[in-house]
């Protein structure tokens, strides 16, 4: 019963990224802790103590003398399910180790009534972000097709939008594929075969991390493009290659460095744990830099727009242009920058519940917001769609009129031919009657 509760909780733990079955990962972590315990006990000299060091399948106990009480924290492998910090103990007696006390479930808080609500919360969050990524993927795909179909929409601005769309689509696909593998219940578990599939598991995680980082950097490219457009340092079209290098190149370099540090420093499991700080910061620092730079660009863009909109030198046409620019972009940059900045600057003081809601629920609908702002509400896109719709309507109307005209001409021709035929028969009859007379 105790193991089933823990495994159920583990299956719905959403903050981890994995590509193997959760139960297999659970057993793997138990094996890793057992190996560490064996190494620790082998390095210690027992000095003929009454109670030798032992691994009791969940916790490592050091050697002790009779009458000594050994106290250890709750097992590390269950740390994701602690409702409160706790300790468990054992006494060393003349007959050996005593039973663990206090009760394992009571000491570590696994029977906390909040556990059921937490599991329900994780299930709800998973359902919400699955819906969000699915809707975002469909809307982004539709928006990309629209931009690609109309040649008048082919420009540097929309090329950048397409790359941003692609980064969001890849992010959604990587999350949905990861979840389909992680929460798949088809087939029998063969955990002893899982280590042979670590390569595919690690590759899936590398792809996932790359999509996340590329998405952040294409949001940064959008901010850079808008800032360049406002300050007019260089023509935006001349910077497109640099934008490509920033959006796809920098994440490639960073993920390559992260892979190298993982292989050399923490090549364990599916690379979804962060026990070593160096690989964690190798992948986290570039994302933090993009968030901070994008937030600084947002502040600068707001300042420039306010100056231009309040300037008396700005004419009516220019002012309306800046207003359109502000409507289509200023709603986007705060949405992608401000809440990320909050969690980047204050990661400790904010509840993990709110962070999960923002990162998973709100973040999953970002692709939908991007598609709406940069495609469906874009005046150029709407004009092209209306023009194409009018063209289709006119084509159908013309085809219908042509069919009606052809049918009318055919009918008139048939009636004329019938009248001529009748007249010729009458004339022939009269001629025959006359000849008889």
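The chain as shown is numbered from 1 upward.
For all residues, glycine too, the Cβ spot is worked out from N, Cα and C.
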Candidate annotated in Swiss-Prot as N-linked glycosylation site, out of 57, 412: 57
Same-side flag (membrane), residue 238 vs residue 308, source Swiss-Prot: yes
The annotated transmembrane segment range in Swiss-Prot, which must be one of 98-123, 124-149: 124-149
Minimum Cα separation from residue 74 (disulfide bond), reported as the residue among recorded positions 57, 60, 91, 92, 201 that achieves it: 60
Spatial neighbour of residue 51 (disulfide bond) that is closest, considering only the recorded positions 60, 87, 91, 108 and their CA atoms: 91
Feature contact check the transmembrane segment (280-303) with the transmembrane segment (124-149), CB under 8 Å, 3 or more pairs: no
Best-contacting stretch, by C-beta pairs under 8 Å, relative to the transmembrane segment (354-377) and drawn from 158-179, 203-227, 239-260, 280-303: 158-179
Number of Cβ atoms other than its own within 10 Å, given for residue 51 (disulfide bond): 23
Interface check, the transmembrane segment (158-179) with the transmembrane segment (239-260), three or more C-beta pairs under 8 A: yes
